[in-house]
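Below is one structure; the comments refer to it alone.
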Amino acid sequence: MLTFDNRFLRELPGDPETSNQLRQVYGACWSRVMPTSVSSPKLLAYSHEMLEALELSEEEIRSPAWVDALAGNGLMPGMEPYAACYGGHQFGHWAGQLGDGRAISLGEVVNRQGQRWELQLKGAGVTPYSRMADGRAVLRSSVREFLCSEAMHHLGIPTTRALSLVQTGDVVIRDMFYDGHPQAEKGAIVCRVSPSFIRFGNFEIFAMRDDKQTLQKLVDFTIDRDFPELRNYPEEERLAEWFAIICVRTARLIAQWMRVGFVHGVMNTDNMSILGLTIDYGPYGWVDNFDPGWTPNTTDAAGRRYCFGRQPDIARWNLERLAQALYTLKPEREIYDEGLMLYDQAYNNEWGAVLAAKFGFSAWRDEYEPLLNEVFGLMTQAEIDMTEFFRKLALVDAAQPDLGILQSAAYSPALWETFKPRFSDWLGQYAQATLADGRDPAERREAMNRVNPRYVLRNYLAQQAIDLADTGDTSMIEALMDVLRKPYDEQPGKERFAALRPDWARHKAGCSMLSCSS
């Protein structure tokens, strides 16, 4: 049986009203809310790694009582469901109160190692923060969130996790592209897991409302529970050090997104974790043909605010909004300027280390920058697959560089032929730089393969899993969970999961373009 220790409820002010009725909630960090039951829950998938972390057995999670709990139809001992209150800047503008509109936390589990895991159901029904929505989630978006949460973890990227995927047996109406064509889709619920789901927006809402008392309580609680290393810091220094840690963690997170070609798609401040975790897997995508301007989110297609190449700048902008909120408690500008400067330094250091590792150099040198910028430009113009390119680059013999090794990363044979001479020139320069670096070739190859994944959750693969799951077949979900456990290994016999995006998927909904509809 799990041990719950629901500190968020116990130590922070709550909403006195207990109904699920839509409302503005003031002076409270959370509202008690019961999940809305579903008709016929069915457990489709679960994460073995999260079961182990929570100290749950497969027998337990498959039991009717646990399936009911994961579907919102019942509670296990110690569970106290609630929805959190927060606001946020969305696409650069303050959006007011947002909150958990369809996510309902069940409580905080503490395992025998003392690790704290908050369990949260996404798609479990209406809360006071649902605005005009129904509080539900569709199978399509739930499969994507379940798969990507665990895929990112195995890539070594800080992330919230996923315990389970449950089909509800109910129909949910969604207009996938907001074009006036709503359709009935199957409902589902993901149980997300994280040490904390606190976001930048949790702090912003109280600052915007000039509720300094609640804001201070939330800051003190967050530091005490989630940043124990700061408990003994002098009070006058604690907030500055805390903000600095958040800035550095965020910088490192974004550099890791960029390393593997992950595009979040909707980096609003309510989707930014205070712990520096990847949170809220909505219209995310993985870069296929390299393009810094690519965004998977149709809502962002015109402005490309959240495109691949802008993610570092957007993260900094979001940190500025957090600084703005904290300034109401401690109006000392230098604290926040120092934190933001640390973000810049941490990102540049981490990104330099990422680039050196991806290209197989022993360390970053500024002299590499023109060489790397040139190939990124070539990859964009020639439509070169990012994941395949870096994996094959590890096979290049610097003493006898063979351009043919890289050809499998090209989507267009015609474009490859056009840019082949320039790639050949670049490869010669790269080989010279590699030889000058003096690294052992075998060591270089192994090091590159540790940071350049063979397998990522390509957009079309996720869509194939969704299409099959819609027919009741979860085999693709299971196959992807299996192969993505070891994304840096070759895994003979599983090469099809590393295949480039096929032509049919280039403009297919769910494969190249997604919306916030979920």
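The count begins at 1 with the first shown residue.
In case you wondered, yes, glycine gets a Cβ from its N, Cα and C as well.
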Among ASP68, ASP224, ASP226, ASP280 - the residue Swiss-Prot places in the same ATP site as GLY99, GLY101, ARG102, LYS122, ASP134, GLY135, ARG192, ARG199: ASP280
Between ASP280 (ATP binding site) and ASN271 (Mg(2+) binding site), the C-alpha gap once rounded to whole angstrom: 6
Largest tally of Cβ atoms lying within 10 Å of a Cβ, found at which of the binding-site residues ASP134, ASP280: ASP280
Sparsest-packed among the binding-site residues, when each Cβ's other Cβ atoms within 10 Å are tallied, from ARG102, ARG192: ARG102
Longest CA-CA distance among GLY99, GLY101, ARG102, LYS122, ASP134, GLY135, ARG192, ARG199, ASP280, per record bound to ATP, angstrom: 22
Cβ-Cβ neighbours of ASN271 (Mg(2+) binding site) (radius 10 Å): 22
